[in-house]
Amino acid sequence: MTEPSSAIVTDVINGSMTEATVSRGRRWPSVPSGVGFAGVSAAMVAILVAAGAPTPLLPIYEHEWGFPAWMLTLAFGVYAIALLVSILVIGSLSDHIGRRPLMIFALGLELVSMLVFLFAPSVGWLIVARIVQGIATGAASSSLSAAVVELAPANRKKLGALMSGLAPLAGLAIGALFAGLLAQYATDPYAVVWLVLVLVTVAGTVFVLFVPETVTRKPGAVASLTPRVSLPAQVRGLFAASLAGSSARS
């Protein structure tokens, strides 16, 4: 009679945490680093496309639902505030718990926001969706940006840095264009936009489950949640682009 296979064991030694698979040396399956680089790059663009999609749709909601202009301004403003708070609080967390857990958390939150958008019955729920989306985008920004650089092929680290730098502007622009075109030509643009983004987010979450972890866990996760007074370099472009988009619409 053989011993039952055991799951991943968390070994705490001198305050550091490492994961070891004790079932005959087998580890959680993961894709090659090159595939992981491509997939995480796509996931980063996708979450930014989702962040840009509400830009042309919220004014249409305003017109069709007849809520006051200040509510539209609020819907844009709360996203920027939630994004900033999320970056300042969660920005360093992936250095301690690993890139993959935070990416999964962020994509899960993004999925929640897409579902709230899809089924929102009133402007209040749109604002809730924007808050959740801001938190998700902030949580994803640092972990995805770092993972893209770390998973890039050894001889193409500059490509990873370039991808990390261009993704915010490209993703937000693509999202706004995608939603704007559907708003103009689709019979039910809201359902189409949010359903497509739900499917993309689900696919991204499943893929990230199999991305190689690039960081060894270390203590200090709780302390890292203390808000910083400055933005990490890798997310400044994202915040600037998001703030510009919010200001333009408000």
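Quick reminder: no glycine exception, Cβ is built from N, Cα and C everywhere.
Note that TrEMBL annotation is computational and uncurated.
According to TrEMBL, the protein has these features:
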- 31-250: domain 'Major facilitator superfamily (MFS) profile' (DOMAIN)
- 34-53: transmembrane segment (TRANSMEM)
- 65-90: transmembrane segment (TRANSMEM)
- 102-121: transmembrane segment (TRANSMEM)
- 127-149: transmembrane segment (TRANSMEM)
- 161-185: transmembrane segment (TRANSMEM)
- 191-211: transmembrane segment (TRANSMEM)
Please give the sequence-distant neighbours of the transmembrane segment (102-121): residues at least 6 beyond its ends with Cβ less than 8 Å from one of its Cβ atoms.
40, 43, 47, 50, 54, 90, 93-94, 128-130, 132-133, 135-137, 139-140, 142-144, 147, 190-191, 194-195, 197-198, 201-202, 204-205, 208-209, 211
The recorded stretch from 34-53, 65-90, 191-211 sharing the largest number of CB pairs under 8 A with the transmembrane segment (161-185) is 34-53
